[in-house]
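Enquirer: This is the structure I want to talk about, given as structure tokens.
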């Protein structure tokens, strides 16, 4: 029977293709910036449980940093993780603004249970225990508190909180005594303490404590010891202490009595710890007096005592193992100094005030452990580690403590820096692993060609220069060939040397010193800019990070635009990239110029931008060093050129009449066109107003400047040519209705000439809404939207044609276009939502175009543009068959064989970047979101290179056989002719 079953299943088996094992593609998975983390308190533990700002719950391998399991929620505020609690093998999360409560099994990441919570503003959540067991989880909302069973999530009871309109309930506290304390505050009036029974939720006691100085409990207050509330007040420079169970008034303790003082303008924080929810909190707590000043205090029997002062501390943390609780303090190895006002923020402070951050001059840090009972430092517990110079400083600290065999304390530390890098450290300072989690939020990406090798550059140097005479050129060619021979010999020796080793021991390490362009230009440098302000140089064929650079003066939410001013084609001039950083709050901008191959800052000094930048233009004009000219237009419509040499200014003056640009003001609903004057001032040439009370501008999409169009028209069935309308200045403007009612919503699209402001075409999709994804290329526009009437996703494609006669075949000018192009339009039904969309691009534009569509499932669909052709006929004719037009069908099917990433899904995909390679058949693709995925696609198959499975042995054998047969046949023919001649 087993043999029969095996024979039955055998035909269903399928082999994995070679490109599915990472030969031409790779994927890197991330979790994002940490929001919550829990490290198992055992020496042999292997898991780190994390909840991140990217709405991810995951477990990391503490020995390698690899992701053991991961669950990513929606990439919207609805999927945000509000709280994360750990108990044994269960991880409890509250998400979706307090609407969903989940329990995860931490070993394999399985979902134990999920329950929906009542609506209401989420405040906090806490585990609740009885005697010696944790049985419940409590969730506090603005107006109610609910208790749920830890085993199945079922609600035990819910209690509405009194006076919730005026009282801000913000804290929960329970210590296994059968009651839950709910703490609320009426700002600048009093503190309210509710004591509820765990069994039925009945309010046992209500207490009001006068606190006219108290505005909020979050951060400024903490519960220590046997339910004692400790709060800090900057106005009176005091600490206030109140027992939640026995006292009804706050006891004031001036800081002067402890020889302490708050920093001016700093909001202090109280950091308490409760190792177990069935026991009381520790009586010891940290009081943060300034960004770099912490004090370890103890509150015992109503008395405050000062245990130890840490005046140069960057981060602190508590950790418990068994009966021992320790405090970890991260300090600079040398003296800390105040940082300049560069937009950096302190250690996860939630206050809105801008504080002085502390930075370490040599980027060398120490972590030490201290006994919380005495403040005494534990010997042999120092971890020393280094961060990159001019890099980010530590932002969060998590400690994993365990007891060694000799009952001494050992620990590991997880440090997260401002640039979202995770480092896992062990004594005495070994970096076990690190993760660059800022790559989970890539905002800008460019691919740059790698430089030539020395031999290739030597050969290139023979061309384009004045002749050195016949002998000189011969000697130069001879030396170049000798260099190539030497490189080839070294390559053969390496192949022979590696062939003698096991495959697992062969190292093909890629480093920044041996980077060189390959034969088909498939290997490139990927320059990625992340939201944290960190730049990466990644080798495209393997995903190896070759360099990274952190910009300290980039604020969160800043707009980042990356431009390539000079490529590697202009040897010996180094390539040059420019990053425009625009602050979200101040609107001020600055330029950062760097070498994309090595990541080093360029010696070229960019201009100082004194006004907010509205628009940038990368012109085809070059300076004497072959750097493209970048024009920056500020809010006063003044133009700044970079570089601004005399040669550049002269070229700008000559070409000013042909330089146009546009500005978009979405708030006012205006599109304005400007032209450049010879004196580098601007003049408004056109304006299009879109009424903001009816619709709003959501997207303005132009064409890629690097795009090449090979075919100027399409040959129709009657052998005539339908010429494309290839307007490089065409803008596609997408609008959405401001009315959100599903019967009145609409999506509009306007095709506007960016030089003249002429509206080429406009159309409206009624009963439709966004989000709208659009691709604008060649003579076509494809955009996707949601049809509210039919409740489905739809594509609409527009194609522009001049007709059967071309108006001006030599040069295009927007100023000389008397006739509007013909616009063909057709819509299609798509069975899935879309996360991102982009078109393939090749070096010459000969290859067929495909649309790369990122789906919410993480798959990337390669859809031939021929399926979205507005000329597809409903009833096929002889001419349409001659053109190979597919008959029109409104449904666009998703076939699994069109997924370019097979099972390598990209979570929370946000964008797709395409780049041409040296092969016309090949397009390089990078999809980024929570993960990064790189691959190659062949829209028209590989027609210009032999496939990897090409049988060289067979074809060589056939050729040798034919040559041998030819020689024998020739000899036999000669003998035959000779014999015939003798007859």
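The backbone N, Cα and C atoms fix where each Cβ goes, and this holds for glycine too.
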Enquirer: Please find, within the list 932-952, 953-973, the residue stretch that Swiss-Prot describes as transmembrane segment.
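Expert: Range annotated as transmembrane segment by Swiss-Prot: 953-973.
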Enquirer: Could you state the whole-number distance in Å separating the C-alpha atoms of residue 332 (disulfide bond) and residue 362 (N-linked glycosylation site)?
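Expert: Residue 362 (N-linked glycosylation site) has its Cα 9 Å from the Cα of residue 332 (disulfide bond).
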Enquirer: Residue 221 (disulfide bond): which of the glycosylation sites 279, 362, 808, 903 is the nearest Cα neighbour?
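Expert: Of all the candidates listed, 279 is nearest in space.
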Enquirer: Distance check, please: Cα of residue 360 (disulfide bond) against Cα of residue 903 (N-linked glycosylation site), rounded to an integer number of angstrom.
Expert: 44
Enquirer: What's the number of neighbouring CB atoms sitting within 10 A of the CB on residue 360 (disulfide bond)?
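Expert: Residue 360 (disulfide bond): 21 neighbouring Cβ atoms within 10 Å.
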Enquirer: Roughly how many angstrom lie between the C-alpha atoms of residue 362 (N-linked glycosylation site) and residue 231 (disulfide bond)?
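Expert: The separation of the Cα atoms works out to 36 Å.
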Enquirer: By CA distance, which of the glycosylation sites (279, 808, 903) lies nearest to residue 231 (disulfide bond)?
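Expert: Minimum Cα distance from residue 231 (disulfide bond) across 279, 808, 903 lands on 279.
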Enquirer: Between residue 808 (N-linked glycosylation site) and residue 903 (N-linked glycosylation site), find the distance joining the two CA atoms and give it rounded to the nearest Å.
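Expert: Taking the Cα atoms only, residue 808 (N-linked glycosylation site) lies 49 Å from residue 903 (N-linked glycosylation site).
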Enquirer: Cβ-Cβ under 8 Å from residue 279 (N-linked glycosylation site), same chain, 6 or more residues apart: which ones?
Expert: 175, 176
